[in-house]
């Protein structure tokens with residue numbers, strides 16, 4: 001690893017952790033209803049939203065009512081987004097005359113953005129109108145992120161309350177997440193991105209003359225190029241901050257009008273993990289012990305750092321096939337070195353690998369390089385990060401409530417080892433809690449493995465595989481890992497825009513999102529009804545380095561046992577073939 005390669009990740013993590021503390025404290029105050037400067041400014045808008053929706057902010061919900069509100073609201077959003085896509089040909093703000101999106105692709109896209117996955121089987125600048133991008137995708141970027149944050153807050157209330165029947169109001173949590181957190185941060189980031197050259201406007205696509213004419217596939221001369229435009233900066237800000245990831249343009253943040261400079265690249269990378277990291281501090285403050293938040297953040301950071309080093313090292317080592325031909329792949333003052341296939345020369349190896357690790361540690365899925373072109377072991381890192389359940393930082397809200405399920409499992413395992421009923425923050429962890437935590441871990445994993453098996457054994461799935469052998473299998477495995485874990489990134493060599501993949505991955509995204517949310521809320525309701533148990537001599541401290549190690553081991557062990565056989569058939573075999 002070069003000096004630059006070591007400095008960039010270190011600077012990134014330092015800034016990330018430094019900003020996460022004040023932001024986490026601020027978010028805790030928002031969810032606890034503490035009034036501050038933002039409340040005095042945005043309070044009237046919050047109250048207006050409640051009146052317009054007919055919501056009583058002081059009326060809390062049982063966990064079943066909370067879950068019903070989540071499902072109903074998200075279903076309504078999915079249907080509206082589907083309708084927008086099907087009708088965009090006759091709706092305004094469509095200067096390029098985009099036609100209606102086909103039914104299977106419209107379903108896939110609606111399921112994708114409603115579930116905070118942002119899997120894209122289309123090219124944004126060639127498929128969707130400005131209205132669909134803004135009123136459809138942009139709105140879902142906000143509310144899907146706010147949904148995950150709301151579910152997390154409900155779980156935290158379940159942990160902290162005693163003998164209570166309610167876990168809060170979904171509508172209040174949704175509005176506060178959007179109004180006080182996501183909107184201000186998105187506005188700030190959008191302005192910064194515009195200052196760096198990210199486009200923002202409603203004009204049609206622009207034409208520019210080429211310096212040198214070229215010929216197309218038919219032999220005709222091409223003398224000008226079309227430059228796509230649109231309201232990109234506003235959507236890019238929330239797609240990064242909300243761990244959504246769906247790009248305004250087809251190549252996402254590798255596009256020079258979506259990510260033009262080194263500063264915009266750093267800001268967009270920082271935005272991916274900012275809220276997930278800060279929510280760890282929010283958790284610590286809301287449970288009354290900040291050490292708990294630091295412990296969870298330490299486990300996340302440890303896994304992230306190790307896998308980041310593995311990804312950078314694998315990409316910097318280059319391609320053995322090119323080395324055999326005498327190609328110079330060493331880093332120097334004139335080149336980044338390593339495996340530069342599928343990467344922007346302006347970003348190089350380290351920034352590309354850092355983004356890939358961050359975007360799959362979180363359920364973001366945006367890219368500034370093509371993951372399909374990574375080396376087998378370099379591509380294994382983002383693949384396995386998703387398969388761990390998107391709990392290494394993870395999505396906004398969803399990452400932390402997923403990690404807390406692993407905390408429950410780790411506490412239970414520790415209790416078994418000492419023969420004592422496990423406890424977490426004064427609440428006994430019993431059979432029901434273990435069942436719910438197990439469902440959260442099992443549903444995405446089963447969806448990934450079953451979906452991959454169906455795809456590689458049926459004609460509809462096989463038609464989309466253009467690369468034979470282990471890499472083709474890796475592409476299918478990556479697609480279902482991305483969909484079921486609500487990430488949205490892809491190995492781009494898979495022909496995913498087909499009725500089979502649009503339907504199968506669409507279903508996988510819905511299962512991976514909502515079959516997880518319901519057990520999490522059920523666990524929250526169960527914990528809220530329990531009494532607090534005083535800590536005793538046999539209580540396992542959950543803020544120590546020992547517990548951080550136990551939690552890290554639990555996450556890695558579950559991920560290894562579940563997916564190592566599948567990984568052995570894909571990237572591991574491909575690596576062995578490449579190096580023999």
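Using N, Cα and C of the backbone, Cβ positions are placed for all residues, glycine too.
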Out of 399-419, 462-482, 483-503, 525-545, which range is noted as transmembrane segment by Swiss-Prot?
399-419
Of 65-85, 86-106, which range does Swiss-Prot call transmembrane segment?
65-85
For the transmembrane segment (263-283), could you work out the same-chain residues 6 or more beyond its ends whose Cβ comes under 8 Å from its Cβ atoms?
12, 15-17, 19-21, 23-25, 27-28, 31, 149, 152, 156, 181, 185, 189, 192-193, 196-198, 236-237, 240-243, 253, 290, 292-294, 296-297, 300, 347, 351, 354-355, 358-359, 361-362, 364, 366, 368, 393-397, 399-400, 404
Of 3-23, 179-199, 436-456, 504-524, whichever stretch has the most CB pairs under 8 A to the transmembrane segment (65-85)
504-524
Hey, would you say the transmembrane segment (3-23) packs against the transmembrane segment (293-313), going by three or more CB pairs under 8 A that are 6+ residues apart?
yes
Outside the transmembrane segment (293-313), six or more residues from its ends: residues with CB under 8 Å to it:
1, 5, 9, 13, 17, 20, 24, 277, 280-285, 287, 349-350, 353-354, 356-358, 361, 374, 377-378, 381-382, 384-385, 388, 391-393, 399-400, 403-404, 407, 542-545, 547-548, 551-552, 555-556
